[in-house]
Amino acid sequence: WWDERVSARFRRNLQPTLTYWSVFFSFGLCIAFLGPTLLDLRCQTQSSLSQITWVFFSQQFCLLLGSCLGGVFKRTLAQSLFALFASSLAISLVFAIIPLCHNVVVLAVVMAVAGLAMGCIDTISNMQLVKIYQKDSAIFLQALHFFVGFGALLSPLIADPFLSDTNCILSNSTANASSNLPHIRKSLVPHHPGNLSHYDLPMKGLVVTRVSYAFWIMALINLPVPIAVFFLLYKERMVPCFSSSSHPLLSADELAMEARPPEKDDLSSTVQRAQAAGGHDDLLSCCQSKNFRGASYTYFAVHITGALVLFMTDGIVGEYSGFIYSYAVEEPLSVVHKVAGYLPSLFWGFITLGRLISIPISYRMKPATMVFINVVGVLITFLLLLIFSSSVVFLFVGTASLGLFLSSTFPSMLAYTEDILQYRGCATTVLVTGAGIGEMVLQLLVGSIIHDRGSYSFLVCGMIFGGLAFTFYALLLFFHRMYPKPPSAVDDASPDKAAVMDDTGQYQR
């Protein structure tokens, strides 16, 4: 279902591509386990609910920080791979260490380390796939983001058999607290904890949790990922003991320059020009004034509007998965707590399914068209959810629909924006950062609005965010039309020319 050229490029880059996909599985495995396990972790650390919920913030904040700093390691392919190896190994170590954390501050520090590792994985994996496949990257980015959804589904399933059915700290008040435990646990979704101050659970007593086994299982499941990255380092002779016989790895741009016989300039000067045109920098490097020289206003507008679209759509993912349970159990729906607990899982399940379906679709459909369908679908779904706000059945249908439409937005927007900029500038870094900020900020905003205005404002906020996402996308289309087209005779050092000439898609010389 794809042509021979893309298939040949995939076969030649099979190991690095599979490695980047597997590293994103680590990302997904680490992002979704906190919600269901947080009460058992509270028992383990013998902390209050208000104290243990700070673990959410430490992970999310450091994930954003790691996304901003991840581009620092893109200087060479060796740095990128070593950063991915360290990050994926850190996630396995975090899973193994969590059962040993008996203090909430230590647990927050450990989760901060996990957040930094996840942020680096997010930025580097997206950057490297874009570098390898360039104009063919959309389909591979869709597959990349399928694996994060798969990991996010798997970790709660692993944890579920080991969660405590009753309060995991035995004391005189255990009997009173145990009846509230299922409701509290379902309120603690992976992204944002609800208002739990009115629940009184014991802080002292005998700890009887078995959740440690779940973390050790996840550590073992994740262990093949850093091993896979190490094998890629070994194959490319980047392991220090083999450095004497190694050859420098080239990006797709530099590789095309090497394949072309030099005409006026020698090869080294041509590669230098290609490096200057690449432009996938970290956020701090992107803000340097030298990158702004000679750039038109549309150059900045494409970066900003693309980031704002993802700010809204990824923010919707965070706030919807974080508050759909609380919305469902309140009036007027009053869904049974056990039934409402399936809504976040349904949402993430259809996000994963949508990313799987988007893999073949992205090969036949342009990224711009996919993003348009996504943002329009999100807007229509929220509109229907508002119209049928009293229907429990449509709440489940709308949750599934919303997951499908949101699933492919990030990879499609990334591929589209990079294509507009001819794979120059800082699109990957800016978009990843904008998405991370949106997921964190909109959760806090919606949480405060629901607290002040009631549960119905949850859908109103979603409708507003969907409308803003559509507006920003319309602006992006406008700036795309205004953005200067590449000249007909493309410079030999430009990434567009490299993408055409690099028909082999080699990963190294």
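Every residue gets a Cβ built from N, Cα and C, even glycine.
Just so you know, TrEMBL annotations never went through curation; they're auto-generated.
Residues annotated as transmembrane segment in TrEMBL: 18-39 (among others).
According to TrEMBL, the feature transmembrane segment maps to 51-73 (among others).
Taken from TrEMBL, the feature transmembrane segment applies to 80-98 (among others).
As annotated by TrEMBL, transmembrane segment applies to 104-125 (among others). Counting same-chain residues at least six beyond the ends of the transmembrane segment (104-125), those with a Cβ under 8 angstroms from any Cβ of the stretch are 20, 23-24, 26-27, 30-31, 34, 41, 45, 47, 51-52, 54-55, 58-71, 73-74, 80, 83-84, 86-88, 90-91, 94, 97-98, 144, 428-429, 432, 436.
The annotation transmembrane segment is assigned in TrEMBL to 137-158 (among others).
The feature transmembrane segment is assigned by TrEMBL to 213-234 (among others). Residues of the same chain lying 6 or more positions beyond the ends of the transmembrane segment (213-234) and with a Cβ under 8 Å from any Cβ of it are 15-16, 18-19, 22-23, 25-26, 29, 33, 37, 78, 81-82, 84-85, 88-89, 91-93, 95-96, 98-99, 154-155, 158-159, 161-163, 242.
TrEMBL lists 299-327 (among others) with the feature transmembrane segment. For the transmembrane segment (299-327), the list of distant contacts is 186-187, 189-192, 194, 292, 333, 340-341, 343-344, 347-348, 351, 371, 374-375, 378, 399, 402, 406, 409-410, 413, 416-417, 420-421, 425-427, 430-431, 433-443, 445-447, 450, 455, 458-459, 461-462, 465-466, 468-469, 472-473, 475-476, 479-480, 482-483: same-chain residues at least six beyond its ends, Cβ to Cβ under 8 Å.
What TrEMBL records for 339-357 (among others) is transmembrane segment.
Counting same-chain residues at least six beyond the ends of the transmembrane segment (369-388), those with a Cβ under 8 angstroms from any Cβ of the stretch are 309, 313, 316, 358, 361-362, 394-395, 398, 401-402, 404-406, 408-409, 412-413, 416, 459-460, 462-463, 466-467, 469-470, 473. Residues annotated as transmembrane segment in TrEMBL: 369-388 (among others).
Residues 126, 130, 137-138, 141-142, 144-145, 149, 306, 309-310, 313-314, 316-317, 320, 324, 328, 333, 335, 343, 346-355, 357-358, 361-362, 366-368, 370-371, 373-375, 377-378, 381-382, 384-385, 388, 427-428, 431, 435 of the same chain sit 6 or more residues outside the transmembrane segment (394-416) yet have a Cβ under 8 Å from a Cβ within it. Sequence annotations record features per position, and here TrEMBL assigns transmembrane segment to 394-416 (among others).
Taken from TrEMBL, the feature transmembrane segment covers 428-450 (among others).
If you look up TrEMBL, you'll see 456-479 (among others) marked as transmembrane segment. Cβ atoms under 8 Å from those of the transmembrane segment (456-479) belong to residues 298, 301-302, 305-306, 308-309, 312-313, 315-316, 319-320, 323-324, 326-327, 368, 371-372, 375-376, 378-379, 381-383, 385-386, 389, 417, 442, 445-446, 449-450 of the same chain, restricted to positions at least 6 beyond its ends.
For 487-509, the entry in TrEMBL reads region 'Disordered'.
Between the transmembrane segment (428-450) and the transmembrane segment (80-98), the number of CB pairs under 8 angstroms, six or more residues apart, is fewer than three, so the stretches are not in contact. Counting Cβ pairs closer than 8 Å to the transmembrane segment (137-158), the top stretch among 51-73, 80-98, 339-357 is 339-357. Outside the transmembrane segment (18-39), and at least 6 residues removed from its termini, the chain residues within Cβ reach (under 8 Å) are 52-53, 55-56, 59, 84, 87-88, 91-92, 94-95, 111, 114, 117-118, 121-122, 125, 128-129, 143-145, 147-156, 158-160, 163-164, 168, 181, 184-185, 188-191, 193, 201, 211, 214-215, 218, 221-222, 224-225, 228-229, 232, 344, 348. Taking Cβ pairs closer than 8 Å, the transmembrane segment (339-357) reaches residues 32, 35, 142-143, 145-146, 149-150, 152-153, 156, 186, 189-190, 317, 320-321, 324-325, 328-329, 395-396, 399-408, 411 in its own chain, all 6 or more past its ends.
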